[in-house]
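If you check TrEMBL, you get these features:
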TRANSMEM  B:21-38  transmembrane segment
TRANSMEM  B:54-80  transmembrane segment
TRANSMEM  B:100-119  transmembrane segment
TRANSMEM  B:131-149  transmembrane segment
TRANSMEM  B:154-173  transmembrane segment
TRANSMEM  B:179-203  transmembrane segment
TRANSMEM  B:210-227  transmembrane segment
TRANSMEM  B:277-296  transmembrane segment
TRANSMEM  B:327-346  transmembrane segment
TRANSMEM  B:358-387  transmembrane segment
Amino acid sequence: MTAVIETQDMPVGHQGPPLLSVRGVKTYYGNIIALKGVDVDVHPGEIVTLIGANGAGKSTLMMTIFGSPQARTGTVTFDGRDITRMPTHEIARLRIAQSPEGRRIFPRMTVLENLQMGASLDNLRYFDEDVERMFTLFPRLKERAAQRGGTLSGGEQQMLAIARALMARPRLLMLDEPSLGLAPLIVKQIFDAIRDLNRNEGLTVFLVEQNAFHALKLAHRGYVMVNGLVTMSGTGKELLANPEVRAAYLEGGHH
Amino acid sequence: MSAEMERPVAGPNYAAAARDAVLAGVIALGVFGPLIGFKTEQNMNNQLVVENRWGIVIVIVAIVVIGRFLLKAFVFPALVTRKANAGPASTDESFFKRNFKTIGLAFLLLYPVIIVSMLGYQQSIKWVDNFGIQILIYVMLGWGLNIVVGLAGLLDLGYVAFYAVGAYSYALLSSHFGFSFWLLLPLSGILAAMWGVILGFPVLRLRGDYLAIVTLAFGEIIRLVLINWREVTNGSAGISSIPKVDIFGWITFNVADPTYIGKILDLPPSSAYYKIFLYYLILALALFTAFVTLRLRRLPIGRAWEALREDEVACRSLGINTTNTKLTAFALGAMFGGFAGSFFAARQGFVSPESFVFLESAVIVAIVVLGGMGSMVGVAIAAAAMIGGTEILRELSFLKAVFGPEFNPDQFRMLIFGLAMVTIMVWKPRGFVGNREPTAFLHEKKSVSGSLVQEGHG
């Protein structure tokens with residue numbers, strides 16, 4: 001790795017109140033504590049990434065924000081509204097969209113039908129327009145429009161999962177490990193698409209990743225999670241340069 | 001299949017086929033010899049006497065040997081060559097296949113006319129009633145359950161409970177209060193839907209096997225209540241002399257009435273008219289079920305059902321209220337079960353808990369699974385094959401000439417039933433119609449065969 005890394009500059013809206021705010025969240029699976037008091041902020045227009053090793057609690061935090069499981073203590077606020085105890089589908093209706101871990105596309109439904117499901121909230125009002133946008137963003141999906149979700153390759157499924165989430169016209173897009181199991185070229189395509197969406201449309205993105213190098217390069221800010229606690233935070237640039245982060249997550253060649 | 005069979009062979013290998021056939025024959029002898037060859041019979045002194053039935057065993061073993069030889073020598077090589085010769089899937093489907101739905105519908109509409117013109121009124125009763133009405137009841141039940149199992153993916157093994165609720169609603173309310181069928185039909189649908197919601201609430205959090213067990217128990221509970229709540233349901237004896245359906249009071253089917261159809265239309269009295277009327281009634285009800293289901297599939301709720309079947313977690317994160325989605329599936333499925341139930345009660349004129357045993361639920365689930373989960377046409381074909389097939393067994397009395405006068409094909413019903421299910425599931429693991437028709441299109445319709453999707457992902 002070289003010292004010259006092209007990272008993101010801070011977006012304009014950073015100074016205002018956060019869009020998503022996680023405060024002192026503790027989450028349990030039965031009696032086992034998974035999150036031990038986590039604070040995370042996402043400001044409008046930002047790409048924020050959460051990196052960490054396997055089992056650190058990254059996905060749990062994402063699921064907790066989405067209300068399944070719910071936080072036992074602490075609060076999750078979205079746009080000034082307390083969503084800690086809301087059921088998942090109502091949280092989604094506030095226009096927080098999610099591409100969950102393992103993609104979870106609908107395998108027997110066609111690509112187009114998957115996109116249709118993503119547009120459920122608006123009852124397909126902007127459907128045609130949004131489908132065109134998704135096909136411009138991911139041209140591969142256009143070729144596969146009539147194909148079943150289950151027959152797509154891993155990368156195409158990931159694109160579909162993101163596109164499906166975007167169909168809801170979200171104010172916050174949450175992505176759980178979009179690079180998992182994908183070839184580097186595809187990862188680059190997907191991350192480029194996220195960057196474009198953020199730059200051109202001001203989309204706010206919360207990205208959970210194990211692929212720390214790419215994630216920190218893409219993100220304006222990042223959090224590092226270890227054993228259910230956020231141990232470090234800073235701009236993408238700072239974290240990339242941080243020797244501890246480098247030792248734990250970057251050395252060993254992701255790039 | 002062994003590797004050598006995958007290779008296209010020039011000609012049939014008779015020696016290998018013969019070896020294989022003899023081996024199959026030995027196995028068949030081993031299996032069927034003790035099973036069929038011996039029969040114990042009670043004689044005059046109440047003693048059990050062993051009887052030999054080697055004739056039947058020989059016939060069966062011969063069928064196995066010859067069948068295996070033919071398969072091995074001709075059918076398998078032919079299949080291999082066909083597979084090798086098959087280019088990209090041919091697109092020109094036959095006229096029959098393309099217009100299957102239209103032809104099928106026309107046939108269903110004309111069926112009583114065809115039967116009556118061929119056999120006359122009196123002889124037509126059996127074919128309209130035992131085949132037509134019986135099959136259509138199961139088609140309707142299959143389509144109703146299809147909403148729950150096929151679309152929403154909730155395995156319901158107690159569907160017969162809603163059928164029972166519908167049947168008893170009509171039976172009780174019509175015999176006690178004299179309400180007409182046309183009032184009670186929607187009412188029993190609503191009552192059944194209510195029970196669907198009552199069942200739905202406790203099982204909201206359950207999936208797969210656990211859901212199946214609870215729904216199975218629910219079916220049994222309803223049946224046991226019907227047996228034991230004697231004051232209301234008359235217990236195992238059931239309720240008899242349930243009033244017939246009439247055509248809105250204008251035309252009736254009781255010979256004594258002044259408005260009897262025979263008197264109005266100046267026809268000789270016959271029970272065939274009522275059967276034909278019932279045939280069209282159940283056909284209309286079944287088509288109504290199909291129409292509603294097809295419509296709903298294109299609406300948000302229908303799409304939500306299918307998405308729920310695929311992935312519940314993803315549904316929630318897309319803003320779908322899975323609780324409401326499941327409850328509407330249960331309620332609507334139950335409602336159609338209730339409609340079918342009240343029709344059943346009106347047709348039989350008699351209901352008892354005997355008609356609502358678990359086997360009925362199992363048959364309906366089997367119809368949905370065999371037909372291909374979610375496919376309307378598939379379910380109809382499966383219902384015709386399963387119900388019509390078992391009815392036809394009653395007609396095969398000529399087999400007595402082969403197997404002796406005591407041979408009763410009816411006894412082999414469940415055996416053949418099971419065999420057919422195993423065969424079909426091996427041959428077509430996704431049911432008769434494994435293709436799912438997409439509901440969203442860019443330019444033109446295109447359906448992808450289920451076999452292209454990874455197993456367990458469909």
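Here, residue 1 is simply the first one shown, and the rest follow in order.
Backbone N, Cα and C atoms are what each Cβ position is placed from, and that goes for glycine too.
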Outside the transmembrane segment (B:100-119), six or more residues from its ends: residues with CB under 8 Å to it: 127-128, 132, 136, 272, 276, 279-280, 283, 377, 380
Stretch with greatest number of CB pairs under 8 Å, the transmembrane segment (B:154-173) reference, B:21-38, B:277-296, B:327-346 candidates: B:327-346
Ranked first among B:21-38, B:54-80, B:131-149, B:179-203, B:327-346 for CB pairs under 8 angstroms with the transmembrane segment (B:277-296): B:131-149
Best-contacting stretch, by C-beta pairs under 8 Å, relative to the transmembrane segment (B:179-203) and drawn from B:54-80, B:131-149, B:327-346: B:327-346
